[in-house]
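Annotated transmembrane segment per TrEMBL: 60-79, 85-105, 126-148, 160-178, 185-202, 222-242, in sequence order.
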Amino acid sequence: MTRKEKKLYEQMRQYQPPDVEAEKYFEMQKKAQEEIAKEKILPRLHLFERIWIQAEYLSIWFWITEGILLVAGIVLTQTADKESYITFGYVLSPLLAMIGFPAILKSFSNGVGELEQSCRYNLREIFGMRILLTGVTEAVVLVIVLEIGELKEGSMMESVLKVFVPFLFSTAIYFWIIRHVSTKAVYSILAGAAVMLCIGCMQLKTFCEMHPELLWIQKENVLFLAFLGALFLTVIGARQYLQFIGKKKKGWDELWNFN
């Protein structure tokens, strides 16, 4: 810092703004809100139009990865037996759930949060639309692959629950991570969590196969419990999402603007 800059800095620190009467301040604030309410600067778009705009801003690698997984899943359903591709989906569903989070968080990594705040949508709305877009895309990939596989054999409900339960569980964990880690290390932590969850799913399946005597519950009851688990995890994931969007923490209030 030059001598001139230091002098200017000291002068700015010593400056005392004039006192503002609370009554006048609230009166001006009320008038400003009334003027804003009279006319919208930009017309409001429908949710689908807003999501479509956000789709154009997501990384091309997100769409390429989703496309590769979709094609690979379809090929696997046609070349492998049912047990193999269900196991494949069961073990790798945590990885699929993680793919969308880097696309959601790239505003932080690229340092463009303030730029997005000054644009048409506030940052809170941008995050909400991207979460919705990536989540629906990943769910559609799973459903398409499972539906094509079930054209040959098996129960669609059973397959969906076997894959969606770990998918929803992983999503809830990833939301918890991005709520509590706000540095660039979040990407490494997400990747590590995805790997650990995949390994955990694989170990759980192996354990159940080695100890069939533990699976004493009837198949119908297992499906019912899996359905309840999927419903519970959906609620947990939605709660994590709402906590992320409405997060209150030191320094976080400045993250979202007030549009």
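Even glycines carry a Cβ here, placed using N, Cα and C.
Those TrEMBL annotations? Automatic predictions, nothing curated.
The largest share of C-beta pairs under 8 angstroms with the transmembrane segment (60-79) comes from 126-148, of the ranges 85-105, 126-148, 185-202. The stretch in closest packing with the transmembrane segment (85-105), judged by the count of Cβ pairs under 8 Å and taken from 126-148, 160-178, 185-202, is 160-178.
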